[in-house]
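Asks: I'd like to ask some things about the structure below.
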Amino acid sequence: MTITRWFFSTNHKDIGTLYLVFGAWAGMVGTALSLLIRAELSQPGALLGDDQIYNVIVTAHAFVMIFFMVMPILIGGFGNWLVPLMIGAPDMAFPRMNNMSFWLLPPSFLLLLASSGVEAGAGTGWTVYPPLAGNLAHAGASVDLTIFSLHLAGVSSILGAINFITTTINMKPPTISQYQTPLFVWAVLVTAVLLLLSLPVLAAGITMLLTDRNLNTTFFDPAGGGDPILYQHLFWFFGHPEVYILILPGFGIISHVVAYYAGKKEPFGYMGMVWAMMAIGLLGFIVWAHHMFTVGMDVDTRAYFTSATMIIAIPTGVKVFSWLATLHGGAIKWETPMLWALGFIFLFTVGGLTGIVLANSSLDIVLHDTYYVVAHFHYVLSMGAVFAIMAGFVHWFPLFTGYTLNSVWTKIHFGVMFIGVNLTFFPQHFLGLAGMPRRYSDYPDAYALWNTVSSIGSLISLVAVIMFLFILWEAFTAKREVLSVELTATNVEWLHGCPPPYHTFEEPAFVQIQSN
């Protein structure tokens, strides 16, 4: 029974659990890689070896965290668990395809790890730019394995996206409008549309790279009339929507958590929140070249991409101020998920402000490929996406398991993590402004102080990760069961108890529309 239940599952709750476990495991691999990076950079001089092995670690860290930690947890884990429950659907629209979406990920992960283990590894950075990723600078199978890994992860995400789009539009009760579904459902829907439109472009780009490497095509080789800049355009046309794919489900989670712990029955400005997410999704597709300000674009092109990028701050600001308005006048419960959510709002805003700085092409030409950029995107990912994951996990853990976490331990864990990530990434702004470049394993002594501080911060974050594992162990051994949940009238996912039965909404939900 156990083998068929977990290997052949078509149940959205089981598949969601598989995604969460897989994501947690990948997250530990990614954390280990990041600690290798910070160990190498903790003082001047070499630790691990040359820049090739260093860049292999950096590349693997990025791919593992993005494709095997954040996306599986936010979209696969929370999405599978919550979307059907929130819209009153018995399961996802295509339950067997759902199973395949998950089981494409472990082989994909295996291929990525294999790419590090053969030849010299793929030391290209997660962007995999040619000519560095070509068959001269990276002879051997490493980059090819990385490309195949991305193909599998991409197919997984595309199938998942089709599934979520069909489910959210087609499987809600007929009397319910799309504008009556919870914000997390909207967030996943917008995310799925972004995935569906952006991933095929990445697939095209890396497939052309594959043929350039192995079949003597010259898509990205000027010697045969190709252009390496074409690859950058294809990659970033995927890569920029991708960063919004990583954060949008987090926005949805934060909306739910903030409303719940502020004692509100709904978040402030529901329609504004929905349209802001759709605006972010649309704008995310027309700003990609802000990653390429240094490739020699025309000044008018740079002016457009600078302006368009800054426009994204408007819908993002709508969301931030709506969260603050949701808090306003609420009877705030200072429980751990609320702490994560408040941390998210503050730190995501800081990351957004450095993003506005980098949107200016004139400034970006100076700051491009420095640690200022690293600090910027780790503030929105390591303290945006990850804080949202933690807020959602601590909030919905009783729903997923029926057990409660120890609230004292989770609060301490939040405090340790908060100090750790800020100590790790805040000093990197200083390093970037002082001109320290990314993707080098060594640096002049002048940069030693802030690098050492940053590496100490990473060790504090490691302590937080270990604490989290202990907290999970404690919850499953203590087995404190959930007594009751408040606010179920406006939080449909809790309706069936903790944990919900294996099959929910087996007969269609009865929905009475309020006429006012």
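Glycine is no exception: its Cβ is also placed from the backbone N, Cα and C atoms.
Bear in mind that the values here come from a model prediction, so they are computed numbers and not experimental data.
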Asks: Going by the topological domains in Swiss-Prot, would Thr2 and Trp288 end up on one side of the membrane?
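Replies: Different domain labels for Thr2 and Trp288.
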Asks: Of Ser382, Ser407, Ser441, which does Swiss-Prot put in the Na(+) site with Glu40, Gly45?
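Replies: So, going by the record in Swiss-Prot, that would be Ser441.
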Asks: Would you identify which residue of His233, His240, His376 Swiss-Prot lists as part of the Cu cation site it also attributes to His290, His291?
Replies: His240
Asks: Flag the pair the transmembrane segment (141-170) / the transmembrane segment (407-433) as in contact if three or more Cβ pairs fall under 8 Å (sequence separation 6 or more).
Replies: no
Asks: Cβ pairs under 8 Å only, please: of the recorded stretches 270-286, 299-327, 336-357, 447-478, which one is richest in them relative to the transmembrane segment (12-40)?
Replies: 447-478
Asks: Counting by DSSP, what is the helix, strand and coil composition of the topological domain 'Mitochondrial intermembrane' (287-298)?
Replies: 7 helix, 0 strand, 5 coil
Asks: Test of understanding: applying the rule of at least three C-beta pairs under 8 Å (pairs 6 or more apart in sequence), is the transmembrane segment (371-400) touching the transmembrane segment (270-286)?
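Replies: Contact between the transmembrane segment (371-400) and the transmembrane segment (270-286): absent, because fewer than 3 Cβ pairs are under 8 Å.
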Asks: List every residue in the same chain as Glu40 (Na(+) binding site), at least 6 positions away in sequence, whose Cβ is under 8 Å from its Cβ.
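Replies: Correct list: Ala46, Leu47, Leu48, Tyr54, Ile57, Ser441.
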Asks: Could you tell me what the rest of the chain brings near the topological domain 'Mitochondrial matrix' (262-269), counting residues at least six beyond its ends with Cβ under 8 Å?
Replies: 183, 255-256, 318, 322-323, 325-328, 330-333, 338, 487, 489-490
Asks: How about the transmembrane segment (371-400) and the transmembrane segment (51-86): do they have 3 or more C-beta pairs under 8 A, pairs 6 or more apart in sequence?
Replies: yes
Asks: Hey, for the Cu cation site built from His240, His290, His291, who else sits with CB inside 8 A of the CB center?
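Replies: Near the Cu cation site, beyond His240, His290, His291, sit Trp236, Gly239, Val287, Trp288, Ala289, Met292, Phe305, Thr309.
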